[in-house]
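Inspection log for the structure reproduced underneath, given as structure tokens.
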Amino acid sequence: MSKATVRSQIKKCLAQLSVDHISHQSNHIASSILTLPEYQNASKIALYMNMPHGEVQTLPLIRQIFEDGKRLFLPRITKLDEKSFQRFPGQKSCLQMLEVPNWHEVLDLKPRGVYKLLEPESDSGVNGLESGIDIVVLPGVAFTKDCYRMGHGAGFYDDYIKRFQESGNPRPLLIGIGLEEQLVDSLPVEAHDEKLDYVLIDNHIYRQSS
């Protein structure tokens with residue numbers, strides 16, 4: 001089954017889910033992350049602001065990150081500099097992780113860009129490429145128990161992880177989070193796809209075995 005077919009099927013399923021159903025699973029996922037030793041030892045965590053529907057809700061986890069005294073980084077899609085390396089032909093934009101210093105600034109975020117996602121200001125906060133990041137929590141369309149992820153097809157996260165390491169940073173721990181409806185038996189995998197360290201689905205924790 002092609003990636004396009006999997007994306008189409010999963011998105012149709014997600015569109016039927018109630019807010020309560022998503023919220024219930026999101027709370028389980030937030031609780032699961034807190035039990036991970038890597039989370040407990042981390043100081044800098046990159047997360048994302050969820051889309052209005054069909055995606056794990058991240059505000060409960062974001063609030064907990066601040067309560068635990070950790071630093072939060074959120075994604076912003078920026079124009080790729082003409083001199084920058086293009087990971088794939090025609091690439092015009094890339095992901096940046098910018099620090100958001102407190103809960104109130106998270107609540108003040110405004111929709112920006114083509115995708116109308118809640119993003120930090122371009123000149124706000126510390127850039128994760130410079131400060132380093134311990135954990136990146138990734139969204140996705142589909143996940144497998146052996147820790148593969150399929151995104152929306154733009155390649156933003158795969159590109160970011162590579163740029164992060166090319167900037168001299170050690171590879172961060174990668175945690176994919178999804179709803180039970182997003183767990184599939186297998187996914188078509190390409191060479192550029194980053195394998196995750198953990199996949200958290202509802203109240204289940206799957207860890208990469210190799």
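Here the Cβ of each residue, glycine as well, is placed from N, Cα and C on the backbone.
TrEMBL entries are annotated by machine, without manual review.
The ATP binding site feature in TrEMBL is assigned to LYS3, ALA4, THR5, VAL6, ARG7, ARG149, MET150, GLY151, HIS152, GLY153, ALA154, GLY155, PHE156, TYR157. Counting only residues at least six positions away in the same chain, the Cβ atoms of VAL141, ALA142, MET150, HIS152, GLY153 sit under 8 Å from the Cβ of ARG7 (ATP binding site).
MET49 (substrate binding site) falls within neither a helix nor a strand when secondary structure is assigned with DSSP, and so counts as coil. Per TrEMBL, substrate binding site is recorded for MET49, GLU55.
By neighbour count, meaning other C-beta atoms within 10 Å, the densest spot among the binding-site residues MET150, ALA154 is MET150.
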